[in-house]
Amino acid sequence: MEIIFGRNKKEQLEPVRARVTGKIPAWLQGILLRNGPGMHTVGETRYNHWFDGLALLHSFTIRDGEVYYRSKYLRSDTYTANIEANRIVVSEFGTMAYPDPCKNIFSKAFSYLSHTIPDFTDNCLINIMRCGEDFYATTETSYIRRINPQTLETLEKVDFRKYVAVNLATSHPHYDAAGNVLNVGTSIVDKGKTKYVIFKIPAPVPGGRKEGRSPLKDTEVFCSIAAHSLLSPSYYHSFGVSENYIIFLEQPFKLDILKMATAYIRGVSWASCLAFHGEDKTHIHIIDRRTRKPVPTKYHTDPMVVFHHVNAYEEDGCLLFDVITYEDGSLYQLFYLANLNEDFKENSRLTSMPTLKRFVLPLHVDKNAEVGSNLIKLSSTTARALKEKDDQVYCQPELLCEGLELPHINYAHNGQPYRYIFAAGVQWSPIPTKIIKYDILTKSSLTWREEHCWPAEPLFVPTPGAKDEDDGIILSAIVSTDPQKSPFLLVLDARTFTELARASVDVEMHLDFHGLFIPDAGRDPGKQAPSQEAPARAAAGRAAPRT
Ligand SMILES: CC1=C(/C=C/C(C)=C/C=C/C(C)=C/C=O)C(C)(C)CCC1
Ligand SMILES: [Fe+2]
C-alpha cells in the first residue's frame, strides 16, 4: 500500500507511448481524462487524509490502436501556495493548515470571525466536468478549474459563488441531451437560510468561447430546497435524475456549521465537522423538472449514507432509483493515510458494506389508500412504499447486491430504464480489487480481477452504432503493487468482460477517483447510436476541442 498511498507521484509531462498487448478497437479514438490525489506531502508537512492530496490529472490518448500517457499536477492556487511555501498552507478535507497570516492566499481566506464559512480550497481533485467545449477539474467546494484536456494545463479558476449562492457543490453533475449541466450545491446560512440549490449551467452558445464567453456566466438556480436544519445541512456526494424528476437525498450525514466556523481556532479539520446521526431519518426530495418544484408528497426512509447514485427512471407511475448505500458514515474514516500502510488489512476493514439498493416511489399517492398499505404494485421489485398519514410515504428499498462502488452506466440510459451497472468491486477494504458488471435483470455479475492489481472506476464507451446497452468497451486505469508489473490501461469488452487489450506504461501512476472519456472530433462513438434520442446522451458524448 506504500506504493499507492505513501509516495508523491512524479508528473509525466511528455506523453509516453504505452506497450499495447491485444487489440484496441479501431473506432476507439479519444482521451481518457482522469483526476485524483497525487501528492501527499509538501516539504516536511504531510496531509492526513487521502482526499487531501494535491490533484494530479492524467490522460490516456488513444489513437489508431496506440496509447499515450501523460500526467500533470493541477496548478491550483492551493498547489502554488503550498509549493512556494514548501509546506501545506491551505486546509483540505482532513488537514487544517496554518499559513503565515501576513500572506493572504485566498482573498477572504482567514477572516474567520467575520465570515461564518471560510473560503475553501481550489485543489480540484475529484472529477472532470464537461461544459460545452470546456473541461473543468472539480472538487466539492465552490471552486472549479478549467483545464486543457490535451495538454493538462491549468486555466482559469471559477468560483460558483460569483453566479449562484453555493459554498459547496458536488463533483457529480448530470448532463442532458441539449448540453445543459445540472448540479446541486449547499448554500450555508445565506440570508438566514441554509438550502440545497439545484443549478443549471445552460448549454453554451456555439462558438461562444471564441468570443470569450464562459457558459458559467449564464448559470441559473433551477430550484432550491430548504435544509431541515439551518446549522446542520446534509453532506452529499451526488444526486439522481430521471427524465422528469431530480432525486436529492437529505441524509443524516451532516456538516455541523458551528463546528466548521470554529474549526480553525480549535485546530481540527473539516472532516471532524461531519457526523452521522443514526437517530434521524433520510428525507427523499423529488423535484419535478417540468415545474421546477418539489412534488407535494413527503418521502422518507431509514438512516443511511449514500455517496454514489447509480441511475433513476420512471415506470408505471413510479420513480425508481438505485443508490449505493452504507449503514453509517464510517467510509471516509477509512481513508486516513495513517491507516493506508502495511497494516492496511487490519486498519481499513469496511464496517459497513456498500450495498446497491433500489428505491421505488409512487408519484401519485391515492388519497383514499389506507395508512400502512404498500403503494408499489410493480411486479419487478420487492421495494415497498408505505402510506403514512399527512401525505407522507415511508420507503423500504430492495437490496440488489453488495460490494459495488464507483458505479458507472451507459450514460445514454441515464434517467432511462437500464439493465447494467459497471462498478469497482470491494471486498474487505474500500480500495477496489476488481471490476464488476452487474446485471439488474438476472441479478448476476461478471468480474475482472488480477493479483496485485487495484482498478480505478470503470468507464463505459459505446461502440459506434450500438443497439444494445452493453455494446461497447470498459476502460479502467489499473495500478499495480507488484514491482514487476507496470500500471496499465485495461480495455474490456463490456458484453463479455473479456480483455481486449492493455496498454502498460513504465511510469508511476496514481489511483484516481473519477474522470471521463472525450471522443475525438468526428468520431463520437455515440453519434450513430439509435439510443441517441435518450435525453442524456449528447453532452456526454460530444467531441473535444482541438487545441
Ligand atoms: C475541502 C472540503 C470538503 C471536501 C470534501 C472532499 C474532498 C470529498 C471527497 C470525496 C471523494 C473523493 C469521494 C470519492 O468518491 C467538504 C467536506 C465538502 C466541506 C468542507 C471543505
Ligand atoms: Fe464520486
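Backbone N, Cα and C atoms are what each Cβ position is placed from, and that goes for glycine too.
Taken verbatim from TrEMBL:
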- His172, His237, His308, His514: Fe cation binding site (BINDING)
- 529-547: compositional bias 'Low complexity' (COMPBIAS)
- 522-547: region 'Disordered' (REGION)
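Comparing the binding-site residues His172, His237, His308, His514 on other C-beta atoms within 10 angstroms of each C-beta gives the minimum for His237. DSSP classifies His514 (Fe cation binding site) as strand under the three-state reduction. In the three-state DSSP scheme, His308 (Fe cation binding site) is classed as strand. The Fe cation site is set by His172, His237, His308, His514; from the centre of their CB atoms, other residues of the chain with a CB within 8 Å are Ile126, Asn127, Thr170, Ser171, Ser238, Phe307, His309, Leu406.
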